[in-house]
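Here is what TrEMBL says about this protein:
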DOMAIN    B:125-488  domain 'Myotubularin phosphatase'
BINDING   B:N274, B:I275, B:C337, B:S338, B:D339, B:G340, B:W341, B:D342, B:R343  substrate binding site
ACT_SITE  B:C337  active site, phosphocysteine intermediate
Amino acid sequence: MEFAELIKTPRVDGVVLHRPFMPTVEGTLCLTGHHLILSSRQDNTEELWLLHANIDSIEKRFVGSLGTIIVKCKDLRVIQLDIPGMEECLNIASSIEALSTLDSVSLMYPFFYRPLFEVIEDGWQLFVPEEAFKDLESMTDEWRLSEVNKDFSVCPSYPSLLTVPKDIDDESLCKAASFRHGGRFPVLSYYHKKNGMVMMRAAQPLTGTNGRRCKEDEKLINATLCAGKRGYIIDTRTIAVAQQAKARGGGFEQEANYPQWRRIHKAIERSNVLQEGLIKLVEACNDQSHSMDRWLSKLEASNWQSNVKEILTTACLAAQCIDREGASVLVHGTEGTDSTLQVTSLAQIILDPACRTIRGFEALIEREWLQAGHPFQQRCAQSAYSNGKPRSEAPVFLLFLDCVWQILRQFPCSFQFNENFLIMLFEHAYASQFGTFLGNSVAERLKLLLSQKTVSLWSWVNRPQELERFLNPLYEPNNLVIWPSVAPQSLLLWEGVFLRWNRSTKCLDEAYQEMVHIIEYNKELQNKVNSLRRQLAQLETEDGPLQTP
Amino acid sequence: MEHIRTPKVENVHMIDRLTPRKSTVGTLYLSSTHTIFVENSEARKETWVLHSLVYNVERFPTNPSGSPLIIRCKNFHVYRLLIPQERDCLDVLASLTRLSRPECYGELFCFSFNPNLDKELREKAWGFIDLKAEFNRMGIPSNLWHVTAANHEYRLCDTYPSELFVPKSAFPAVIVGSAKFRSRGRLPVLSYFHRDTSASICRSSQPLSGFSARSSDDEQMLQAIMKSNPISEFMYVVDTRPKLNAMANRAAGKGYENEDHYTNIKLQFIGIENIHVMRNSQQKLIDVGELAAPSMSDFLWGLENSGWLKHIKAVLDAGVFIAKAVAEDGVSVLVHCSDGWDRTAQACSVASVLLDPYYRTIKGLMVIIMYAHLDGDPKEVSPVMDQFLECVWQLMQQFPCAFEFNERFLIQLHTHIYSCQYGNFIGNCQKERRDLRLQERTHSLWPHLWENRAEYTNPLYRTDHSQTQGVLKPLTTAYCFKFWKGMYGRAEKSVASHQSPADCLNAVREESQQLEEELSAHQEVPRETDAGQGIHTHAYISHMYHQAF
């Protein structure tokens, strides 16, 4: 097996493991192709099984012949291994480094993982575009499913099936595609049943410095407007950034060519800036010696909370245009694979109660992130402890989850899932035994034969015994649009992710258990009362004839 | 009534700062006790503002739409009015300015407030919280501590209560001598006795030590306190001031204990800033809460710049230090600052809440507030009480199951402390309160709050829960402290009705109680009756503002 040559020392005895909030464990360290394992012979101590893919970076230290490896994980956990013997320590460190940075996707753990459970409902088949289109068809007949991207030649980052206005033929789509960055022509993202307004997404138009235009593109998006109605184009970039993009062939829609559209610029940061913010934020969270002033200034300097606010504000704006103004919306930034998706997916959570259920949220992630071509593999290659120069890593998806958490916190009764569900998604996006988040696009996933060779995350999550952990006990379906507050004081640091390994959650967990207990006890009482009422009603009907002579 | 020039003004606008279109028009009335705004709308919604709660009234230059008037309240509510005629505005300003600044005690609202209670009930109400009973509850061993008659008729110290607990071994001459060596005669007296370790918390003012003065009586007094804890070999003297401030006091003949003169004391400075710094800091914090449309940076920078959370952390750190000494090390502590109110009261109260689960109940918090803040606290505008309440709130965030009361209780208490509606918070010390005959002339707040305790109950509180037992050990790392939105972010709250999990759970529990009753009516009570709890089929509909574009 090819991993063997990367593993110089497969096992070391007498290794001491330090983990946050857990007793120190001494035991045997084993390296396999995909895991770092520490097991002790004592019972009642928890073993460590750490995916190499979860390791973000490591640090080595030596005191005499005792080596220490600090392992920093993508889920932000930091653990320490004390390894006797300098050579062993060096060998282990270099193996971990090599194994955690494998270049080839097909060597990743999901290709080797065999589930210990029976797959009842295959997650790979759960969210196919045809099904989503059936729902749309039941509401409107103005859209069609186009196969123009069947072989991914029109747009490599789009799926093969796309929902487009009925009156626009494939030829026009191809022309519009050539006018948009990466071929990402405007497609349907969301249909607002209440008033028939729609949200579309695309990449920036390639107007360039000489103001190129494309009739097909104009026709395409105008086809989504009702007669006499105006629409809004939400450009996630500031006007200055959008102007600069012209020099590189990009740009934005000129008013003259799109007279029925009003353009609004927002200021969502580009992905490389976000990565720096994440690193700064986690650094601040991990230093417990900070004074209050220093902590607040570091929190501010990371810009993380500002990013959360800006993304949520833009999503609210899109939702407001649709629901309150009764206007259709087109969202894009530069590539249309990052900030665009944050905005379109969050707007749907605000507008559409279905997205607040577990299935609906999974469908949203499939539709608006995986199938929409968010480059998960590139973005999640490294997390907050990456010390190399960032290539295309960025916590775009984590920011989206953070925004969802903010809404969830403000509307604790409106979501079927709880915070743990969001944290689980964060973990799996960065390192997983499942194939769901591998690859950067539908085309890549097909090529990797993921659906045949790996297990889908949804196949596992949707099993009743797993799902239980992720259900929100306070959930009461709420069919309304929910408007989150975006005032700075309403937006909190997501402690469940960023302080997770820095403070014990014992008391908060107990509170959660107490809440579950209160609700379950009530359900039990309700059942008892209902059955009694039924019995009474039955008795009354049986007694009925006797009372009337 | 002689201060009211214009009792009624029509067509007044009440401005909603965040969503101007939600502003309302109505009629403004001035009564001898309240400003009342009645909306012209069909609902005729009324807003009542107590004159005694008004902190300041500010008029802005008249503009074409009218004369703007801002009423700021001591509980941080802000009302923005637009009055059509400048003359009316000036009248309202003059009246409110006068009415909100009573010139003598007799003008306070509590002397005219009459909730229709007969004399007997009123007297009974004043006995609801009883300090003698509280000392009994603490289980103070009578062989070690006793009540001294030394302060009978406030002979020794007019700002202390007449009954003081002191070590039994301290001779009357020592007590008198110690009082003479302490600023304003505030000698060391018992504040809290910890039964589990026999360690105690005492409080006093600073010694009149200057650069070299000493008092053998005072030294014996401290020795007596230390010896009242048989197992301990030393005691702490906690000076809650920054060391520099304490040193500066020496030049004025005051200062701190010289460790060479006192046997077996350890001096510890905590560094809580003085009242002027606090007041300044709080004003900055209030300004942050009032910012019109702050960016995240504005907010975080403002929060840092105010220094408020830093001060809250200092107060909590003081409490943690004292609680740890008393509970873990079994060492008694004498706490003082300058005059022995403000910081001393805060630190002792916070330590007591950490040490004793009783103070985490509704009644217990009433006791501690009464106890700590009617003991010589000069009633000038000072955020001492606000900071204590906030420390409790910060603790509630870390220990959600530990407190019987909820956030609403803290906010309600805060309002009442400033509103002067009840007699509980009038006067600076027991003597003054007795001279004012408050018990005959005013009503007590406590029974009123107690009757409505259902509203103030934390659904997660259970008497048998681990968090309600024993000593609380909070983390005081900077990131554990949050901006108290419920207190300082009220402008936001008025428009955003968040779903509150606590309210939701209370409704569930209420329903469970009804179900239990229904079941017991059918003699079908379930065995598990450890808590009355249940789900509510409420529709927590939630609409909140978001920024218009």
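The backbone N, Cα and C atoms fix where each Cβ goes, glycine too.
Caution: TrEMBL annotation is automatic and unverified by curators.
As the structure is a computational prediction, the values presented were derived from the model and not from experiment.
What TrEMBL annotates, mapped onto the structure for a quick look.
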residue: B:N274; record: substrate binding site; DSSP (3 states): coil
residue: B:C337; record: substrate binding site; DSSP (3 states): coil
residue: B:R343; record: substrate binding site; DSSP (3 states): helix
- Query: If you count Cβ atoms within 10 Å of the Cβ of B:N274 (substrate binding site), leaving out that atom itself, what do you get?
  - Reply: 15
- Cβ within 8 Å of the substrate site's Cβ centroid: which residues qualify beyond B:N274, B:I275, B:C337, B:S338, B:D339, B:G340, B:W341, B:D342, B:R343? B:T240, B:R241, B:T344
- Express the predicted model's confidence over the domain 'Myotubularin phosphatase' (B:125-488) as a mean pLDDT, rounded to an integer. 91
- When you measure from the Cβ of B:W341 (substrate binding site), how many other Cβ atoms are you left with inside 10 Å? 25
- Task: Only counting partners 6 or more residues apart, tell me which same-chain residues put their Cβ under 8 Å from the Cβ of B:C337 (substrate binding site).
- Result: B:S205, B:Q206, B:D239, B:T240, B:R241, B:I272, B:R343, B:T344
- Starting from the Cβ of B:R343 (substrate binding site), draw a 10 Å sphere and report how many other Cβ atoms land inside it. 29
- Task: Would you give the longest CA-CA distance, in whole angstrom, between residues of B:N274, B:I275, B:C337, B:S338, B:D339, B:G340, B:W341, B:D342, B:R343, the set recorded as binding substrate?
- Result: 12
